[in-house]
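Reviewing the structure listed below.
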Amino acid sequence: MYLENKSNLEIEMSQTSAQGHQGRSSLRSPEAVAGNFGELRLLQGISERRDTQKLQQSAVLPSGQCVIHSEGFVPVRQEDGHSFSVVNILRGKTNSANLSERSPLLRFSQDDSITYMTLHDPSFVGGEEPWDNSALDLERRYRLGSEVTSLSLSRSSSSEKSDPLDNLNFRLTSSMKCCFKVSKIATIFTIVVLCSLFFSMYPDRDNPWRMLAVSSTDSFSMNLTDFRDNALLKLQVGGPFTGGMIDLTNQEYILIQVEQAEQPGQRRRRTQQVIHNWTIPLHGERSDQILVTKTFEMVSSDPIVITIQAFLQDDEVVPLSMTHQSLFVSVETQVAIAGIILAGVYVLIIFEIVHRTLAAMLGSLAALAALAIIGDRPSLVTVVEWIDYETLALLFGMMVLVAIFSETGFFDYCAVKAYQLSRGRVWPMIIILCLIAAILSAFLDNVTTMMLFTPVTIRLCEVLNLDPRHVLIAEVIFTNIGGAATAVGDPPNVIIVSNQDLRKEGIDFASFTGYMFLGICLVLVSSFPLLRMLYWNKKLYNKESIEIVELKHEILVWRQTAQRINPASREETAVKCLLMQKVLNLESLLRKMMKTFQRQISQEDKNWEQNIQELQKKHRITDRVLLVKCVSVLAVVIFMFFLNSFVPSIHLDLGWIAILGALWLLVLADIQDFEIILHRVEWATLLFFAGLFVLMEALAQLQLIDYIGEQTALLIKAVPEDQRLAIAIILVMWVSALASSLIDNIPFTATMIPVLINLSQDADVNLPVKPLIFALAMGACLGGNGTLIGASANVVCAGIAEQHGYGFSFVEFFRLGFPMMIMTCMIAMCYLLATHIGLGWNM
């Protein structure tokens, strides 16, 4: 697929230097470079952006030639009669003796019949050297050059004197890095092998389902034997149940009693019957089949009696299905195992030992192995069902839409307009971007907002010579804040509003949005000074000139592109060697530029009007027809997102809407090369979410989330009654915020809602449910800013930025996100206490 069509090559390579600026956007993405080497504008020398730099490095070409014809590599002979193999990249008929890093990788002669490739590398010499050995030698030089460049760039550019100890320090550092790498791989591989062995030693749970029917007059009873001491009984019951706890005085429900005899011991002289009651409310229409699960702690190995009774208002029969299994590890031990696994995943992500996608997959494997050990190994079908495919479909559909949208040049155009609106001033521009992102995320999904905003922000920062990382982190923080303002802005709010039991308590769409909107507006206004305070000592401008920054980023793109090529043929090997040689030449140029660079940072662009005129000539809409198609489809998709929240007759989830919109745009845009679009889909981000869903559900099966909810309820009950409401609001708020920073806020919110409803219905506690639910919503939404994986928008933004070469780490996000989370939660807590305790709202 590489370099096969000569006519396409000539078309792409005939672009003028004025069009070289338009190729910058496509160069920004390594996937775009690796996606289609037929588009050789990506291989065109892009250093024409560095017009002011006159540094050149002349290289002597090897005295050999290799012609790349449409049929493959053709070795030729020099005039002196010496023969050369295909490794020697030769000159064409044109005079290419004076080459520099700005020379294009491919050159074309006047003759239309032959395409020439020029690779200037002084290390290539004549001789019968096999291709494979030269490729390996070039790759070794490439890797060594990358290491030396990364080491030299980390030092000060002014230190030009060589130290005799530098070589020794370099060797020691390399040895330590090698030892650390080997020990890291050995440790992780050992853990993976052990988890795989433990997972394979135990079978899937294949307990048969028992079908039964109960009524007001007929009950069901069964005896279970063969239980170990201190084991756990896990019951799963399916039937027409409701989602939460409701008032049992005027409702129909199922009562399940688990009874076991406790033998005499040191504290008890006679046998005593221990009875566990489990009440499950029934749905009035008897239509939806819901599966509920509860775990009971057994006190001995004596037989267990399970009794099921129905309390109904008539004589109808309720069909049920039930299965049971025994677990041999206590709840505390399961919670401890889950905590260790979660801590291990965070260690891998925080210290960047492995990629976050691999960390989520390793954590999922460890959690599944733990479930297998305790006797609750899920089947493959069950694990697949744990994945939230609606979220993955939403991500995939929006990625395809944004990938096609970026081809129109609209993001570059928006970046220039934002620059013009801010009049060259940085902080007004950042505030405008954050405010728009917060407003949009209040009505759209946070993921959709960041997918649209991240490319625009990156292009704008490149125009202003800003570091995009800090601006992107600020945007995603305000996206999470704005998403908490309405009932449809964040998934926890959607879960709360859609709960039928909370609607009966008066928490509907209008009341929830009205209360949350007022509080989030207060948080939003207070967050801008806090953000400015956190960024007070941050250098938003790049320390180097824009030419050096662009050259560094260009080297990064070329290196990532070369590493992603798996040479399976001569053509692919040649392309990889070309890219590696290009990196070496650019690194040499960078070292020269760093030596002569004088740091002159302009904190405010004085010539912004002149820059606007130049930028408007270079960055404008490139395909107006495609832009109209993209805007039309995206407008329909966003409109359907709104209708999905307000019109219940539309039976399309967000994922379906995004997928259908992607299909519409693929048809309208008449995409021929579908692989280009697939290369721009962030598969690593999708795999991370899939692994995270499995990990969180497995941790929920290990009783971690239930344990957090139960301990929170116990702490609230232990508080004196006159201070119970204030302490409950503070406790629920901060537990939700911290838990949402560490684990997914969706299962945590779904678990905490029944706990809080049950707590409010407890006669001994006597708490209103509305303040607790609002505290849960505030903490779950604002807590997503605590860590990089605290919210889906954080991960999506980091994935898109990484794809463009500006990825930020867990620690970089934590330094800004966690203080903002603490400050915003403090403001939200004050708002909750002032309205509920001081003013007595929702009491």
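Here the Cβ of each residue, glycine as well, is placed from N, Cα and C on the backbone.
According to TrEMBL, the features are:
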- 346-779: domain 'Citrate transporter-like' (DOMAIN)
- 185-202: transmembrane segment (TRANSMEM)
- 327-351: transmembrane segment (TRANSMEM)
- 358-374: transmembrane segment (TRANSMEM)
- 394-414: transmembrane segment (TRANSMEM)
- 426-444: transmembrane segment (TRANSMEM)
- 512-535: transmembrane segment (TRANSMEM)
- 626-648: transmembrane segment (TRANSMEM)
- 654-671: transmembrane segment (TRANSMEM)
- 683-705: transmembrane segment (TRANSMEM)
- 725-743: transmembrane segment (TRANSMEM)
- 772-801: transmembrane segment (TRANSMEM)
- 813-834: transmembrane segment (TRANSMEM)
Cβ-Cβ under 8 Å with the transmembrane segment (683-705): same-chain residues at least 6 beyond its ends: 295, 331, 334-335, 337-339, 341-342, 345, 355-357, 360-361, 363-364, 367-368, 370-371, 374, 376, 378, 383, 386-388, 391-392, 395-396, 743-744, 747-748, 751, 789, 792, 795-796, 799
Across the domain 'Citrate transporter-like' (346-779), average pLDDT on the 0 to 100 scale: 84
Which of 358-374, 394-414, 426-444, 725-743, 772-801 contacts the transmembrane segment (626-648) most, counting Cβ pairs under 8 Å: 394-414
Chain residues outside the transmembrane segment (813-834) and at least six past its termini with a C-beta under 8 angstroms from it: 350, 470, 473-474, 477, 481, 518-519, 522-523, 526-527, 530-531, 534-535, 726, 729-730, 733-734, 737, 741, 771, 774-775, 778-779, 782-788, 790, 794, 798
Long-range environment of the transmembrane segment (394-414) - Cβ separation under 8 angstroms, sequence gap at least 6: 22, 25, 445, 447-448, 451-452, 455-456, 459-460, 619-624, 626-627, 630, 633-634, 637, 654-655, 657-662, 665-666, 669, 671, 677, 680-682, 685-686, 689, 796
